[in-house]
């Protein structure tokens, strides 16, 4: 088993808002949405390339690319399937490129040229560059705290030459390492974990995430490749079958707010996504949900809850496979401090993901933080158990 310590940073959305001042400006303009509403031009297949909102991604770990390894911080993202990092050849006008580590193929003895161009479409522009092949080490430099790393040979990844807009400039991470199914991989590139399985580098084809919800705690969490660790959860794991092998998609029976409201009535589909920090659902249903927890709209789909009311709010229960996964108001109300004031943001956000991929609910870090999550590629299922409070 390989353990990768995860570090928690303030999300870009919060960092930007701190730069912008006032709570009203909390929400960055025009979020870069991974679940883009349009159908991208590139993909002729049946799957729209739903793209993602990294404004809130908060958990990162380190990987190495090349020989000797060049280190990068990446978001280990179960809601996408490609690996990309900034390239040394990025455009001068690409400011995001100035603020991050860049891959230099000249410095790697294991680099193999590919050169195919790639585009990943986002709500606010597209990320583009070309593909290259090299060795990927996870973690970058195995240390005493995370011994035993793994080296994946011949991994194809994207060297980003152009990154859109202001979003990536403020990002604390250099790139993204996608851990979803190959089916949603841009250019049909084999994802890192698939390559790892083919090269038989782990005993079991599973990986699991522990995300520490205590913002001050270090490490911020742990990604484990090839197994699970019972010190991170209580009780036993319950497994839920993947219903469509693209995202880590499972069936959700319903979602209840106390005893006053049920949404996703009659069942719906949900994806478990480590690269999204909130719980996201269809706009109309989330609007009702926010009303039921007394949240008031901010802007761009986010809502605020008066902090003094948090302790008296109802539990929210996600029902999966007949089992109740409860979230207390402390789990779903996020405290954000700014200068002298602390505001509480609702951990739910509305966004409509169009067919054929959608409609979908997204169970992001708010959910995964409370429930230790195991992603099982051998049996195509997601395991959940209550996370231990370390």
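Note: Cβ is positioned from N, Cα and C throughout, glycine not excepted.
Under the heading domain 'Peptidase A1', Swiss-Prot lists 59-385, citing sequence analysis as support.
Among the features that Swiss-Prot reports, disulfide bond is placed at 71-140 (among others). The Cβ neighbour count for residue 140 (disulfide bond), using a 10 Å radius and every protein chain shown, is 21.
Its Cβ taken as reference, residue 77 (active site) is surrounded by 24 other Cβ atoms within 10 Å in the chains shown. Classification of residue 77 (active site) by DSSP places it within a strand. Residues or ranges marked as active site by Swiss-Prot: 77 (among others).
Within its own chain, residue 97 (disulfide bond) has 86, 87, 90, 91, 160, 163 as residues 6 or more apart in sequence whose C-beta sits under 8 angstroms from its own. Secondary structure at residue 97 (disulfide bond), as computed by DSSP, is helix. The disulfide bond annotation in Swiss-Prot covers 90-97 (among others).
Classification of residue 114 (N-linked glycosylation site) by DSSP places it within a strand. Under the heading N-linked glycosylation site, Swiss-Prot lists 114 (among others), citing sequence analysis as support.
The Cβ of residue 241 (N-linked glycosylation site) lies under 8 Å from the Cβ of 250, 251, 380, 381, each of which sits 6+ residues away along the same chain. Taken from Swiss-Prot, the feature N-linked glycosylation site covers 241 (among others), and the record attributes it to sequence analysis.
Classification of residue 268 (disulfide bond) by DSSP places it within a strand. Around the Cβ of residue 268 (disulfide bond), the same chain contributes 251, 252, 359, 360, 361, each under 8 angstroms and 6 or more positions distant in sequence. Taken from Swiss-Prot, the feature disulfide bond applies to 264-268 (among others).
In the three-state DSSP assignment, the secondary structure recorded for residue 273 (active site) is coil. The active site feature in Swiss-Prot is assigned to 273 (among others).
Taken from Swiss-Prot, the feature disulfide bond covers 307-344 (among others). In sequence order, 333, 335, 342, 343, 344 make up the list of same-chain residues 6 or more apart from residue 307 (disulfide bond) whose Cβ falls under 8 Å from its Cβ.
Here the C-alpha separation of residue 77 (active site) and residue 273 (active site) works out to 7 Å. Ranking the disulfide-bonded residues 71, 90, 264 by how many other Cβ atoms lie within 10 angstroms of each Cβ puts 71 at the bottom.
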